[in-house]
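A.B. asks: Take a look at the following structure, please.
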Number of protein chains: 2
Amino acid sequence: MNSVFNFSAGPAMMPKAVLEQAQQELLNWQDQQTSVMEISHRSKLFMELVTQADKDFRQLYNIPDNYKILFLQGGARGQFSAIPMNLIGEKGKALYLNSGHWSATAAKEARLFCDVDELNILEDGDTLKIKSLDFTGIADQYDYVHYCPNETISGVEIFDVPEVGNTVLVADMSSTILSRQIDISKFGIIYAGAQKNLGPAGITIVIIREDLIGRARKATPSIWNYETQAKSDSMINTPPTFAWYLCSLVFKYLLKQGGVKAIEKVNQAKAKLLYDYLDQSDFYRNTVAKENRSLMNVTFTTGNDELNAKFVAEATACGLQALKGHKVLGGMRASIYNAMPIEGVKALIAFMQKFEQDNK
Amino acid sequence: MNSVFNFSAGPAMMPKAVLEQAQQELLNWQDQQTSVMEISHRSKLFMELVTQADKDFRQLYNIPDNYKILFLQGGARGQFSAIPMNLIGEKGKALYLNSGHWSATAAKEARLFCDVDELNILEDGDTLKIKSLDFTGIADQYDYVHYCPNETISGVEIFDVPEVGNTVLVADMSSTILSRQIDISKFGIIYAGAQKNLGPAGITIVIIREDLIGRARKATPSIWNYETQAKSDSMINTPPTFAWYLCSLVFKYLLKQGGVKAIEKVNQAKAKLLYDYLDQSDFYRNTVAKENRSLMNVTFTTGNDELNAKFVAEATACGLQALKGHKVLGGMRASIYNAMPIEGVKALIAFMQKFEQDNK
């Protein structure tokens, strides 16, 4: 059997070692003769898992003590609703920075619950490039400023942190989390669906500065009320225990790899290989400005829909899976999250070279 | 290794055959060389799984064609919020029938979003017994009537369906679903967290009559807007794919066992064994009226907290796990969901007999 590499944008590849451990202990976890998914979330052993996961994640991402970590349900899209419900206060409105599909979708959902001002932060023109991120002059009109540091569909990443003065900064880090080091203290809330770098689909992490807990409007579902969940160890209802368990294994695995500092280096090396190859090719094209190229989602196209479809079909046949771009953009997308080994990127480049030669 | 039986109320036991299949194919699903949790929810193979799961569940539970089945996130408690958001209309209020902890909790959450009238449907006295269920005289004042056919904590089950005339009837069937046959056509909405009879924690099934779709208020999170989700195959965001996959395996497993008709017979036999034993004992006590005894959650006590604690500890040591009653009630609780074999109930009774002899 040849190696298979899965470039899915999410649900994405998981570390093989994690899946192997999960497989090995699926019917007998911690010598209990039952599966981890069959035991009470309030049992001693599961509470130990949860406590350790909090500790490991804190260490991995360098999370300050004045932040709580919540493990919730509903995905990042659930948080699109939960954030205005929990954060809108006296000012009554929020600023959403629009850098593409996901930041725009977050703004659209927030409009169901509050007034939203939306600012396009992409430069005009064919190249995807982020404008200045200094919002200190306007940010204090808003209860919070929201942005998405990685637009998974277009492959645009925002490496600088927007300047918002004392206003609360909120970030959808679904495709950024644990991929590189960040200064958590600059953020009020960071949230992320798990299905890229954390674990399987079905669990959502919210990192929240403690002073922002307790501001929810009355009409907030209790599973998304940050105060309720912070007081209940994220267990106001039965949590997705198996997904939580898998996240806990991923944290341990990443710590063993040297933590986010070491992983960031590997991610930079993986992305560099692929972008360097794209830059020297006149067959493939990537339209993102160099300073905003995503470390996690590398988009490219041949400029020809038929040829793109052929590329995807032949790559799949060679064990390079899920390279089709998102339907709103077309072309190709290689998602190279933490679990993708550099060998996968090398195999992709080798295939791209051959495809270029054969189809030029 | 002795047999272990897990009486957890949820996350509950899963069928062993399902876990074994999941284990076997955890790293290589459908010959894809990847895990089912690593592939796109929109991929052809996963969409096939979802289509088949809908078909199997429809067959298993005899669901009429004018009902949609949604697979959502957030648990039954998420639906406590989603239901008023989606169903409150002109009348502006809902009637909640209170039969214990969970129906009361649903009412409390609904009050965040609408006016709620609450009716206690338990008779006065020490025995837990449900009053008359004829609400035809008052139901038309309400947009819907909500109840919980199985109170998991106290072990009270409501076998008759409340009469509500033409008003929409909504039922939290988390602990009832697939345990016995019901006439779906009497209900507007049936919802259930998966972690008892359907699959692992982290996925929630909503069975909804089609004419009730499309009534949501503006301020409804899109992941809980029944119209949005019905139009998107329950995929407005990334769904909990692995939990969905496990549900699909449970459906197939239950069909193989002869469907709900056959399972209901086994469940009745299991419950009868246990209640008959309790009735002839003057050491243990169950306080639920015979006509309202739960098929799924059998509660009992020795009447002495110390002795109860000793019972739970010794049972655990004998491989009879998770028999401690819910903290709001104390005592013991044996949850005997579909996956519990009759051998588990027999082993429990044998232990109870011995414990009675030793501690009388």
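Here the Cβ of each residue, glycine as well, is placed from N, Cα and C on the backbone.
Note: TrEMBL annotation is automatic and uncurated.
TrEMBL lists these features:
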- A:4-348: domain 'Aminotransferase class V' (DOMAIN)
- A:Arg42: L-glutamate binding site (BINDING)
- A:Ala76, A:Arg77, A:Trp102, A:Thr152, A:Asp172, A:Gln195, A:Asn237, A:Thr238: pyridoxal 5'-phosphate binding site (BINDING)
- A:Lys196: N6-(pyridoxal phosphate)lysine (MOD_RES)
A.B. asks: Cβ within less than 8 Å of a chain B Cβ is the test here; which of the recorded positions A:Trp102, A:Thr152, A:Lys196, A:Asn237 meet it?
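C.D. replies: Sorted by position along the sequence, the hits are A:Asn237.
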A.B. asks: Rounded to a whole number, how many Å is the Cα of the residue listed as 'L-glutamate binding site' away from the Cα of the residue listed as 'N6-(pyridoxal phosphate)lysine'?
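C.D. replies: Just about 27 Å between their Cα atoms.
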A.B. asks: Pairwise over A:Ala76, A:Arg77, A:Trp102, A:Thr152, A:Asp172, A:Gln195, A:Asn237, A:Thr238, annotated as binding pyridoxal 5'-phosphate, what's the top Cα to Cα distance to the nearest Å?
C.D. replies: 31
A.B. asks: For A:Trp102 (pyridoxal 5'-phosphate binding site), list the number of other Cβ atoms lying within 10 Å of its Cβ atom.
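C.D. replies: By my count, 22.
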A.B. asks: Average pLDDT across the domain 'Aminotransferase class V' (A:4-348)?
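C.D. replies: Across the residues of the domain 'Aminotransferase class V' (A:4-348) the model's pLDDT averages 97 on the 0 to 100 scale.
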A.B. asks: Neighbour count first, Cβ atoms within 10 Å, every protein chain included; then name which of A:Asn237, A:Thr238 tops the list of binding-site residues.
C.D. replies: A:Thr238
A.B. asks: Rounded to the nearest Å, what's the C-alpha distance separating A:Asp172 (pyridoxal 5'-phosphate binding site) and the residue listed as 'N6-(pyridoxal phosphate)lysine'? Just drop the number here, would you?
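C.D. replies: A:Asp172 (pyridoxal 5'-phosphate binding site) to the residue listed as 'N6-(pyridoxal phosphate)lysine', Cα-Cα distance: 13 Å.
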A.B. asks: Under DSSP, is A:Arg77 (pyridoxal 5'-phosphate binding site) helix, strand or coil?
C.D. replies: helix
A.B. asks: Quick check on the binding-site residues A:Thr152, A:Gln195: which one has the highest count of other Cβ atoms within 10 Å of its Cβ?
C.D. replies: A:Gln195
A.B. asks: Cα distance, A:Lys196 (N6-(pyridoxal phosphate)lysine) to A:Thr238 (pyridoxal 5'-phosphate binding site), nearest Å?
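C.D. replies: Cα-Cα, rounded: 23 Å.
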A.B. asks: Could you tell me which of these binding-site residues, A:Ala76, A:Arg77, has the fewest other Cβ atoms within 10 Å of its Cβ?
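C.D. replies: Lowest Cβ count within 10 Å among the binding-site residues (A:Ala76, A:Arg77) is A:Arg77.
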A.B. asks: With every protein chain in view, what's the tally of Cβ atoms within 10 Å of the Cβ of A:Lys196 (N6-(pyridoxal phosphate)lysine), excluding that atom itself?
C.D. replies: 31
A.B. asks: Give me the Cα-Cα distance between A:Arg77 (pyridoxal 5'-phosphate binding site) and A:Lys196 (N6-(pyridoxal phosphate)lysine), rounded to a whole Å.
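C.D. replies: That separation, Cα to Cα, works out to 14 Å.
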A.B. asks: Using CB atoms and a 10 A radius, I'd like the single residue among the binding-site residues A:Arg42, A:Asp172 with the highest neighbour count.
C.D. replies: A:Asp172
